[in-house]
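Reading through the structure tokens given below for one structure.
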Amino acid sequence: MSLRLIDVSREYVAGKPVLSGIDLAIEPGEFVTVVGASGSGKSTLLCLIAGLARPTTGQVLLDGQEVLGPGPDRGMAFQTASLYPWRSVARNVAFGLEAMGVPRDVRDERVRWLLDEVGLTAFAGTLPGKLSGGQQQRVSIARALACQPRVLLLDEPFGALDVQTKEDMQLFIRQIWQDVGTTVVMVTHDVEEAVFLGQRVLVLSSDPGRISQDIQVDLPEPRTLTVRRSAEFLALRARVEDLVRAEHRAHQALNGHAG
Amino acid sequence: MAPPVLPQAPARRVKLLKTEVSRRTAWILRAASILVPLAGWWALSVSGVVEDTFLPSPPAVWSAGMAMVESGDLPNDLLASLGRIGAGFGLAVLIAVPLGFAMGTLGWAQPLLEPVIGILRYLPASAFIPLLIIWLGIGEVSKIALLVLGVVFFNTLMTADAVRQVPARLLEVSAILGAGRARVAARVVFPYALPGILDAMRVNAAAAWNFVVVAELIAATSGLGYRITRAQRFLQTDRIFAILIVIGLIGLTIDITLRLLRSRVGRWAQ
């Protein structure tokens, strides 16, 4: 899968672009994280790739084909797990496969594999309401992966989790990415998370959102918690934090807020 | 700049507005809710302050009720009224749910239907009785039409509200998973909205039950409402009381049934 954004801009209010002049190429199997201050349009960027919104100008291409709407060749998970509360965990994961018309036995097999992969086999028959926040997010990611999407889009998926769960989930999503081999584009406001997970960190500027920095992360693989304490990691984190802080200050000043 | 100084905040114990009682107290209160008015009625009728003809005693009402059961009038009237609510309310739901569903999902249905339904629901259905009799005669059709008129508009708007509660995010997720509009309607919106739709039905079933009796008060040859007007002609207040109690009990049964159905269907929401 290769994902290309060519001179993409998006306006919700005419003359006030949220994103502008976005040129981006993402190679198959890459793990890309996107950080930016509020107003940088980072969620909008994901929506454009997902096809939930259309670019005002420019094109989004997935393997050379223009993205014209949402579809199962892309998977997406949001900050709120947004599960179907009346469907069991297994049937939540199966939803996309049902829509694709996958035969029952193949479907069951794939759901079983995914539940095993996300460590929720024991909860196959449980309703989402009975799960913890982290477990719900695992279901949501398994559901997004069910149709074997070419790219997995993650919109601040761990933003609402407590610190310990978040750390578990970061290791978890890395593991999933390695096992499944799909491309991942993840938006987060947490710089530490972005640097820890991404092979590449995109820093967006605000007003309008543009890609201000595209940083290659050359940290050792696999990313363990030890990597997180290394001097290189800390230095890179500080660098990205400074970039995001500068964008945040500029955005506040423009909107008349005190720093 | 120094912050303005306030007097020290009092160490008062503030009580929460919402309070709870134990299960036992709740049951005692529930029993009292029925028994206290019953005892008051009984005491008043025995005291002789009010004439028997105006306020019959509970035993008199009981025997009047039993007499109507034995003669077969009460069961027949009950069946007639239940048949009407079944047909009228059923028809209203069959119209209201698809309309409300459309209003809650399709962009054009809301602006097209909301103004007209918003006006129609403020027209009192009872005021249509003379017109309905002129149009449809005094048979079953006009009674069922009254029921439909009385319920269908409210039920449509309430169904539309329930359907609109489905989070936009859930619809987006479903589209990304490849579900088309028909699948999303059947597999996402309908199951999500069903508890709310049943709530709307429960509220409107109460209104429908009222309209059955109203329809039968005007022109009918059977039904609980008809039985009340007949009893009035012969000043049989004990019979009127008995029928009112039956009407109340049937209403309660309808309510409890729909409530149970709703809690079964909406188990996931708890």
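Counting starts with 1 at the first residue shown.
In case you wondered, yes, glycine gets a Cβ from its N, Cα and C as well.
Under the heading domain 'ABC transmembrane type-1', TrEMBL lists B:78-262.
TrEMBL lists B:27-44 (among others) with the feature transmembrane segment.
The transmembrane segment annotation in TrEMBL covers B:85-107 (among others).
According to TrEMBL, the feature transmembrane segment maps to B:119-138 (among others).
Counting only same-chain residues 6+ beyond the ends of the transmembrane segment (B:144-163), those with a CB under 8 A from a CB of the stretch are 84-85, 87-89, 91-93, 95-97, 99-101, 103-105, 110, 113-114, 117-118, 120-121, 125-126, 128-129, 132, 136, 189, 193, 195-197, 199-201, 203-204, 207-208, 210-212, 214-215. According to TrEMBL, the transmembrane segment annotation covers B:144-163 (among others).
According to TrEMBL, the feature transmembrane segment maps to B:207-228 (among others).
Per TrEMBL, the feature transmembrane segment maps to B:240-261 (among others). Panel annotation: around the transmembrane segment (B:240-261), residues 56, 61-62, 64-65, 68, 74, 77-78, 81-82, 198, 201-202, 205-206, 209, 213, 224, 227-228, 231-232 of the same chain, lying at least six beyond its termini, place a Cβ under 8 Å from a Cβ of the stretch.
Among residues of the same chain six or more beyond the transmembrane segment (B:207-228), those with a C-beta under 8 A of the stretch's C-beta atoms are 68, 73-74, 76-78, 80-81, 84-85, 88-89, 92, 125-126, 129, 133, 138, 142-143, 146-147, 150-151, 154, 239-240, 243-244, 246-247, 250-251, 254.
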